[in-house]
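Q: I have a structure I would like to understand better, so I am pasting it below and will then ask my questions one at a time.
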Amino acid sequence: MKLKSVFRSVLKYRKTNLSLLLLITYSIITLLYIFDHERYKLNLPKEDEHPEFNDLLETAWGDLQIITASFHPYTSKENDKVHDYLLKRVLEITGNSSFASVSDDKESERSILFQQQDPFNESSRFSRVTYFESSNILVKLEGKNPEEEGLLLSAHFDSVPTGYGATDDGMGVVSLLANLKYHIKHRPNRTLIFNFNNNEEFGLLGASTYFNHSWSNLTKYVINLEGTGAGGKAVLFRTSDTSTAKIYQQSVKENPFGNSIYQQGFYSRYVRSETDYKIYEENGMRGWDVAFYKPRNLYHTIKDSIQYTSKASLWHMLHTSLQLSAYVASNSLDTADQMPACYFDFIGLKFFVISAKTLFYWNCIFLLVSPVVAIGLYLISRDRMTWKSHSWLSWTRFPLSLAAGIIVQKLFSNDIIRSNPLTFSRNYFWPISAFFTQVIFTSYVLINCSNFFFPCADMKSLSIIELFIILWTILLFTSKLLYSSDYRYTGLYPLSIFFLLSTIAAILRLLALALGMRTRKRLGRECRDHHSNYSSHSQIDMERDGQENLEQPQDQFTSSQDDQASIQDDNVSTTSAGPSHNVDEDHGMDSSSQQHDERVPLLKGSNSMEEGLSTRENSLKLEYTDYAWIIQFLLIVPIPSFILFNSVDVIMDALNHTVQEGSKATFDVLRFGMVGSILMALPILPFFYKVNYITISLTALLFLISASKTLLVHPFTNSNPLKVRFSQNIDLSQGNAASVHVLGREGNFLKPMLQDLPSIKYSSTHINCTSVTNGMELCMYDGMQPNLLSTNGNTNISSMAKVHVLHNNRNSTERSPYEPIVAELLLDVKENRACTLTFESRHQAKSPVREITVYQKKNSAPQKTNITKTIKSASGINELQLHKLDFDQETYHIGVQWFPKLLTDGNLEDDKLGTKDELSVSISCYWGEYDSESVVNGTAVRKIPAFDELINYAPLSFSFTNEQKGLVIVKDAIIL
């Protein structure tokens, strides 16, 4: 009996049990979170257990060390060294394989001229034409069944000028080498193409060039390996559809990691990055974008190096891609379901997939069926007189307390914006914790205050039913979003899971009421009618929250008394119904005077209830013990809390550093934090009003700590630095001054840092800082001259880039006024790989340029003759981007054709000055090497000393990246 008594005591709905269960729940969630984030580090292959995998990892790590020895952007000579190393490794791996072929774009001098929308800004209406000379390395492994649609594996080997490219994208490249080595030993069934591509960073150009290769016709599927962060785990960033998501599910059995929340966030442009996957997808391929995604404040900086990553991260990407490629290469694929997919993993152990369209259909079923069932059960309970009527004060306290919590949260967010808007960049846990504790603490205070003055003995059940109504409304809204987005809002699935579990809990309560015994209820009402002169507390409903009327034989009566007595001390109410009595939710009775026997009158001082009971009822013990609350708790709290916490963590982990990219991103992150914390609070709100004083005290303490950390702690540290963008601009039309541009977030961060630089501090150099769009600040000052070239004389920066007009017939008398104007330019640019020409007419709203010609010098052509590539555009061309491989080729030869104003608007007007058809051409050329030296007059000097100074003297709470495709930009302008 004692064991039974203890068991019943543990299951009682009381403060201690509830608080303990909450503690256990959140402890388990914390342990699962830690397990999820640390487990992959312990799964490295061991030489004695998996010798082949261990060899692949060790070889890949060695390759990564060599590739990331220096910065290697497309605009650098080191880029060629990486290309040559990869080509050597590819030839070593393929050897004399009978089914392997290698193609080197650099050797074949492959180039493309094509019109391209800005891949990093889909809203841009700027018409761009790009000329690109490729050095992609492609490998073809012909499959045993070459008629099957092939698989492309792709990664880019260029880095940005300011990063070593360990994760972006060195790990992807060496993972491709490992995959190549594996599939050489295990010949695939379908044909595999490996694309080690170049110049992803400045236009996704290597991927674009792939479709100029004949092998592109062999592939239908793609695995793209990328790095948009700087380590951690490689996530399934996005995938084409439900079929490809299920292929990932079937193939990646060990450490799967993916979430369609990332996919929705990426397509919604909350992340200002793009990968080669975009190009492959636009060209009709289906597949998987696997990428590192955090931390973004180290992404594209000097800390994207092998020192800041690990073998565990490399193995996670390598093993994921290997599992996926091996499955696709060797199995028939079911690719019928091409609807967008909702998917997620459970702590790296299990991967779940559902079609977004199927989820929408289930949402519709839930939305239709759940209110019908709920209303039906309500009507049954009303008809059977088991429904307990409640005042409007009881019904409104839960939603009003939630609304009050949201208002308090909004007020606190205003304080964050005023005092520390970038706090999310350092640690998003503290603001999320502050928002979360505000909501639950406010709800606790308001509900218990209202219960003090207007007691409600069924608060939990009312709250669960109202939570069901709130979630029904939310699900209706999100389902509409899912439908209107053509099922691309794939990150909304957590709300469907939450709604389903909460609905089950609410319906269980309604079902208990509908099936409950009526006799007790009727007699209780009769007694209340006979004793209406008693105090107001006697009108309280005698059933406690969630109680069931259970008939038990008389021989259990004594044990029931013992059970009740054993827990008497804990059966007090969460609130008092006045100074003289307490309402006990567990019993629905005045606990100060109750006896643990059903024969005691339900109304204080009255024996009429006992007199009114029938002989049968007198022989039965009706036990008012609520054990159903545990089922409700387990349905509503643990699983939804874990899923919602994980979803919020996924969002914040990917976006928290984007607050450095502008005020819009800051408000987005703040909004996600607020909404996410509300969703995290919803599962526990129906229960939280009943926690004990220790729990609520800890909640208040956690809020105070979180609020102080959020508002008072500096947002940037050595490990979480502020990322600043650098460029040095030399405008030859304005002189030779080398103006340094430093771009970063507003907030008095940049100028104090710059004022402490030696070249500024000791020369009184003026720093001009101005606010630019989107909450960013641009600081400019005259910096030290760059040394881009080795020379034996004085460096003349104006000799770095010159423009020669070879031909221009604008003012030719032989040209008809209706005839397009033609000009030829020769750009003389030394040791350069990238330039941009921008076209503008002062007299025409749109660019009048309709045709661009690029004259190439082909080394393989007879006597290195020129070969032309021409592109036309009826809508006009605003910009021409030029990318060439040969540093020794010092010229770009360009032809431009544009329409006179007469052709574009048909207005024949006098042009006495002869300027209406003028075309302004702005030229910008880029140099991206800084971690190297030039020899000037026999002395070794650093190429970009202004950038070196920032790296050497700025506090460690700053990190630096390039503002444009080069660190030094030489500009000029002419009028044609």
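Heads up, the Cβ atoms here are built off N, Cα and C, so glycines get one too.
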Q: Labelled N-linked glycosylation site in Swiss-Prot - which residue from Asn121, Asn571 would that be?
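A: In Swiss-Prot, Asn121 carries the N-linked glycosylation site label; others show none in the record.
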Q: From Asn533, Asn768, pick the one Swiss-Prot annotates as N-linked glycosylation site?
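A: Among Asn533, Asn768, the one Swiss-Prot marks as N-linked glycosylation site is Asn768.
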Q: Are Ser5 and Tyr627, as annotated in Swiss-Prot, on matching sides of the membrane?
A: yes
Q: Just going by other Cβ atoms within 10 Å, which of the glycosylation sites Asn121, Asn656 has the emptiest spot?
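A: Looking at the glycosylation sites Asn121, Asn656, the Cβ with the fewest others within 10 Å is that of Asn121.
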Q: DSSP three-state call for Asn656 (N-linked glycosylation site): helix, strand or coil?
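A: For Asn656 (N-linked glycosylation site) - judged by DSSP and reduced to three states - the answer is helix.
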Q: Give the sequence-ordered list of residues that share a chain with Asn189 (N-linked glycosylation site), lie 6 or more positions from it, and have CB atoms under 8 Å from its CB.
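A: Spatial neighbours, sequence-distant, of Asn189 (N-linked glycosylation site): Gly143, Lys144, Asn145, Glu148, Ala329, Ser330, Asn331.
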Q: Since the record lists Asn96, Asn212, Asn217, Asn768, Asn796 as glycosylation sites, which of them has the fewest other Cβ atoms within 10 Å of its Cβ?
A: Asn96
Q: Considering only the recorded positions Asn96, Asn121, Glu200, Asn217, which residue has the minimal Cα-Cα separation from Asn811 (N-linked glycosylation site)?
A: Asn121
Q: Do me a favour and check the Cα-Cα span between Asn656 (N-linked glycosylation site) and Asn217 (N-linked glycosylation site); whole Å is fine.
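A: Approximately 40 Å lies between the Cα of Asn656 (N-linked glycosylation site) and that of Asn217 (N-linked glycosylation site).
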Q: Using C-alpha positions only, work out which of the glycosylation sites Asn121, Asn217, Asn768, Asn937 is nearest to Glu200 (active site, proton acceptor).
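A: Nearest by Cα distance to Glu200 (active site, proton acceptor): Asn121.
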Q: To the nearest whole angstrom, state the Cα distance for the pair Asn796 (N-linked glycosylation site) and Asn217 (N-linked glycosylation site).
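A: About 49 Å separates the two Cα atoms.
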